[in-house]
Amino acid sequence: MTTLPTTMANTLPPLPYPYNALEPYISEEIMTLHHTKHHQTYVNALNAAEAAYAKASTPKERIALQAALKFNGGGHINHSLFWTNLAPAKEKGDAIDRDFGGLENLKKEFNAATLGIQGSGWGWLGLNPKTKGLEIATTANQDPLLALVPLIGVDIWEHAFYLQYKNVKPDYLAAIWHVINFEEAQKRFVEGAGGSKL
């Protein structure tokens, strides 16, 4: 009989900055709750779903766990990227100018697409691996971005902004650009594009 490990490999990653580092744009209270409560819940639920999947003895039992694996796995993947996506400082580069005509146009198009999400989801700036161009995309719920290399992801679930911005999503989206980590996005872009500049 095989013994299953008592703990799974998924853990809550530490933030690369203090909880108050993004103020006044994202409050310490939101960051603390978002990271230690919401993301931790996805990690816990993913570990539980993986453990249940490992114990499942029939295809029907494994199929029944797919939604929990996708939702909580996506929540863990998306949030892990989101934390490194933010930083107290910001930068921008050439691909944004090339593909959007500048940062202000990118913000406008990104925010419009992200505001179009009905309910909860994510707004993304991604690299098309075929064209090497930047594209804006959205995903519902906790679905991860699969068709593009994720460069910047913005959580549009209410837990990411409601305590500070209430139901005014445009204010949250306007503020978050002050704390986007363009250096991290640049690293992802270089890896995906093979050396070009964002």
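Cβ coordinates come from backbone N, Cα and C, glycine included.
Noted in TrEMBL for the protein shown:
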DOMAIN    11-87  domain 'Manganese/iron superoxide dismutase N-terminal'
BINDING   HIS34, HIS79, ASP155, HIS159  Mn(2+) binding site
DOMAIN    92-188  domain 'Manganese/iron superoxide dismutase C-terminal'
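Structural mapping of features recorded in TrEMBL.
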{"residue": "HIS34", "record": "Mn(2+) binding site", "Cβ neighbours (10 Å)": "24"}
{"residue": "HIS79", "record": "Mn(2+) binding site", "Cβ neighbours (10 Å)": "25"}
{"residue": "ASP155", "record": "Mn(2+) binding site", "Cβ neighbours (10 Å)": "26"}
{"residue": "HIS159", "record": "Mn(2+) binding site", "Cβ neighbours (10 Å)": "15"}
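Report note: the Mn(2+) site is defined by HIS34, HIS79, ASP155, HIS159, and the residues of the same chain whose CB lies within 8 Å of the CB centroid of those residues, excluding them, are HIS35, HIS38, HIS39, PHE82, TRP157, ALA160. Mean predicted confidence for the domain 'Manganese/iron superoxide dismutase N-terminal' (11-87): the pLDDT average there is 96. For the domain 'Manganese/iron superoxide dismutase N-terminal' (11-87), the DSSP counts in helix, strand and coil order read 54 helix, 1 strand, 22 coil.
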